[in-house]
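The structure under discussion appears below in the form of structure tokens.
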């Protein structure tokens, strides 16, 4: 929690104003932030200075792992995070590649589970990684990427957290996640949960102990209409102790994640938090 608040304060104190063309808003911005989550010791990085809807964050990462590309599928899992970008993003609404209401296109897990090959085929990057790690293999390239510049026009939004690199040391699994852009007040509390859960789940289904997850953010920003509640409300609150995340130990395989896992398979213990803060969302 401290590293999250330190980043928020750093942006408020040291950030520079940048005009964002996509949203037509100004952002208070810093470059480069590195966060670390101790998954092995169950130090769950859930924000306590406001209520965080952790179930929605987990539903979103589950949707990525399943390769979903329709906002309705994400809603069925338990999150509405893609409703706006699928249905209110004017550039996507005007894109001839959009297939209709709720279509998100080729983004995130939909790309990672079927990464295009030059010969017209596809590679399931996630399945390859799971197969390798399950057999104790780390080829120094166990990378799940969602970033393909040639496919940007096929989706409603470029991936923000675009790469997850898994590494084995002995029987301990580590994760390095890279994020090109981060809406810190709204997005980071979700992204921290997702990086943590991704390592915890991947370690569990490949038979390894989870180690630490390293989360690099390149462009970290606070939108102009988010600055006041962040500076005057959230940063003025004292954080509570970190809660614990419990994952159903019956989740054993990638197929389990793809077929029957729901939010009921996750629970959080001892989550004490301040009141929610409604931050504006930039589409």
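Cβ coordinates come from backbone N, Cα and C, glycine included.
The dUMP binding site annotation in Swiss-Prot covers 22, 180, 181, 182, 183, 191, 221, 222, 223, and the record cites sequence analysis as its basis. DSSP assigns residue 221 (dUMP binding site) to a strand.
The secondary structure of residue 160 (active site, nucleophile), as reduced to three states from DSSP, is coil rather than helix or strand. Sequence-distant contacts of residue 160 (active site, nucleophile), defined as residues of its own chain at least six apart whose C-beta falls under 8 angstroms from its C-beta, comprise 179, 180, 181, 182, 187, 191. Positions annotated as active site, nucleophile by Swiss-Prot: 160.
Annotation comment: Swiss-Prot describes 183, 282 as (6R)-5,10-methylene-5,6,7,8-tetrahydrofolate binding site, evidence class sequence analysis. DSSP assigns residue 183 (dUMP binding site) to a strand.
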Original post:
dUMP site residues 22, 180, 181, 182, 183, 191, 221, 222, 223: biggest Cα-Cα distance, Å?
Top reply: 21
Original post:
Out of these binding-site residues, 22, 221, which one has the fewest other C-beta atoms within 10 Å of its own C-beta?
Top reply: 22
Subject >> Cβ-Cβ neighbours of residue 181 (dUMP binding site) (radius 10 Å) >> reply: 19
Subject >> Cβ neighbour count (within 10 Å, all chains shown) around residue 282 ((6R)-5,10-methylene-5,6,7,8-tetrahydrofolate binding site) >> reply: 17
